[in-house]
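*Asks:* Supplied in structure tokens, the structure appears directly below.
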Amino acid sequence: MWTSIVCYLVCALQVSAAVTAQESDSKYWIENGKRMLEKKAKLQLRTNTAKNVIIFLGDGMSLTTLTAARIYKGQLQNTTGESEHLSFEQFPFTGISKTYCVNSQVADSACSATAYLCGVKTNKGTIGVTSNVLLGDCPASVIKEHRVTSIMQWAQWAGKATGIVTTTRVTNASPAGGYAQAAHREWESDKDMIKVSGGQTNLTDCEDIARQLITKDPGRNFKVIMGGGRDNFMKQGLNSTGKRQDEDLILNWKNDKKTRFGDKVAKYITTREELKTTDMSKTDFVLGLFHRSHMDYRLKSNFETQPSLQEMTRNAIQLLQKEPNGYVLFVEGGLIDKAHHKTWARIALDETLEFSKAVSDAVALTSEDDTLIVVTSDHAHTMTMAGYPKRNENILGLTNSISTDNMTYTTLSYAIGPKKSFINDTTCHRLNVTKEDLKQIDFEYPSLVDRQSDTHGGDDVMVFARGPMSHLFTGNYEQNQIALGMAMAAGISTNPPTSSTSTSNVVRLQFAGQTILIISMLISLMRIVKCI
């Protein structure tokens, strides 16, 4: 252990000395600044229509998370992380999104998903419905006027392929915003509906989120579904970990694809090896459920059995990129949020780096000329970075500054969380963090307010964009504008088709019309020749 500590200190000193020598010269800052400004001055707006759209959602990825993660990234590489960049921080256009719900200053992942995927702000805890629907109000949620559609539905109306990838359950609030309408985000399975409502909800009128994904538009048409949450789709039984009381939705998915798309290849997979051996260029539909519930944090996962977000993203794009009309893909790094709730700062930062890797792969696999990539967060968290730590100080360590109680403190801490800063005794002494093992993967960082878990933060969140019409995502705006901006960039309507004619039929009609026109021209030409 001491060897690694000495190595870290030596490397840090070497980095610090090199950086100090470079940054002490004013020319470094002047030339670097001019170079970046010249690059921006030459930036051309891409005003063409986006064939493809990928929205990356870092759940709970606050601005402080971004800052701390880039420092963490640099320090893992023995460089000064303060000047590092996450992959998407180098996108040409950035903006700031307001995340509040209609009835809450601080958002949850359900109301925010409805905003950035459906273009409509709604109440906390509800998905795909307007604010006319209160939490748990099943009757109100089935009224047509109270339901809203997502960019996934709009894309399918326009003839595009769609898919979702997440490190949480695929029925969790964020991905559910792309396909479900529910008065309660916790109605993930039929068993959940009974439990949450105390048996009061009519399961005939309101369907659980997993069932909507498999049996309703737009979910049942998704070409890609990857993430966790397998138990929400499996039926209860002696040899099953499933929760469902009605049917096996995985079998339903298989039968549906066979019935509706008999000539297409549909694969259900549950392990990293199965994902690696699936030829996406020869596969049309994939249902990948890699965990019974949320997937494991990378720092706690079994690399042999569970794929990374990067691997799932890469495979999803490879499957979708052969679609002639393009696609819309939702990718969520959902475990950033889960780690923050536990005040596991190290894991939250590591999951942010995993998210950054997935974005980097998407950039490498797509063209900026035809693919719009938007990276954002649904809400913030209460993690703060403070205390005047020295340059290149371990972001996960102590500030080495002394407070008025003659004790030091961590650079990162939370406003609310399970590990309060003050010891519960008559003297009200603060927790002495020098006696804590900060190198634990799941070390709980101190918090001011004692609560079972950290709450979300109400801060605005960042939006990063590249590709066609990416300049639409600059400035400070309401979160629902993100969905509408993506639709505008892709040239797709938020309204359903005006007739029952499918896109393919429209194409056939257009082709037929052109054929008739050509035949008419030929007949006219023959008449002219005959006259001559």
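Cβ from N, Cα, C; glycine included.
Pulled the feature table from TrEMBL, pasting it below:
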- Ser109: active site, phosphoserine intermediate (ACT_SITE)
- Asp59, Ser174, Glu332: Mg(2+) binding site (BINDING)
- Asp59, Asp337, His341, Asp378, His379, His456: Zn(2+) binding site (BINDING)
- 1-21: signal peptide (SIGNAL)
*Asks:* Expressed to the nearest Å, what is the distance separating Asp337 (Zn(2+) binding site) and Ser174 (Mg(2+) binding site) at their Cα atoms?
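*Replies:* Rounded to the nearest whole number, the Cα-Cα distance is 11 Å.
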*Asks:* Out of Ser109, Ser174, Glu332, which of these recorded positions is nearest Asp378 (Zn(2+) binding site) by C-alpha distance?
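*Replies:* Ranked by Cα distance from Asp378 (Zn(2+) binding site), first place goes to Ser109.
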*Asks:* May I ask for the distance between Ser109 (active site, phosphoserine intermediate) and His456 (Zn(2+) binding site), taken between their Cα atoms and rounded to an integer number of Å?
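*Replies:* Each residue's Cα considered, Ser109 (active site, phosphoserine intermediate) and His456 (Zn(2+) binding site) end up 9 Å apart.
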*Asks:* So around the Mg(2+) site, Asp59, Ser174, Glu332 aside, which residues have their CB within 8 A of the centroid of those CB atoms?
*Replies:* Leu57, Gly58, Ser109, Ala113, Thr166, Thr168, Asn172, Ala173, Pro175, Gly333, Gly334, Asp337, Asp378
*Asks:* Return the member of His341, His379, His456 nearest to Glu332 (Mg(2+) binding site) in space, with distance defined Cα to Cα and candidates limited to these binding-site residues.
*Replies:* His379
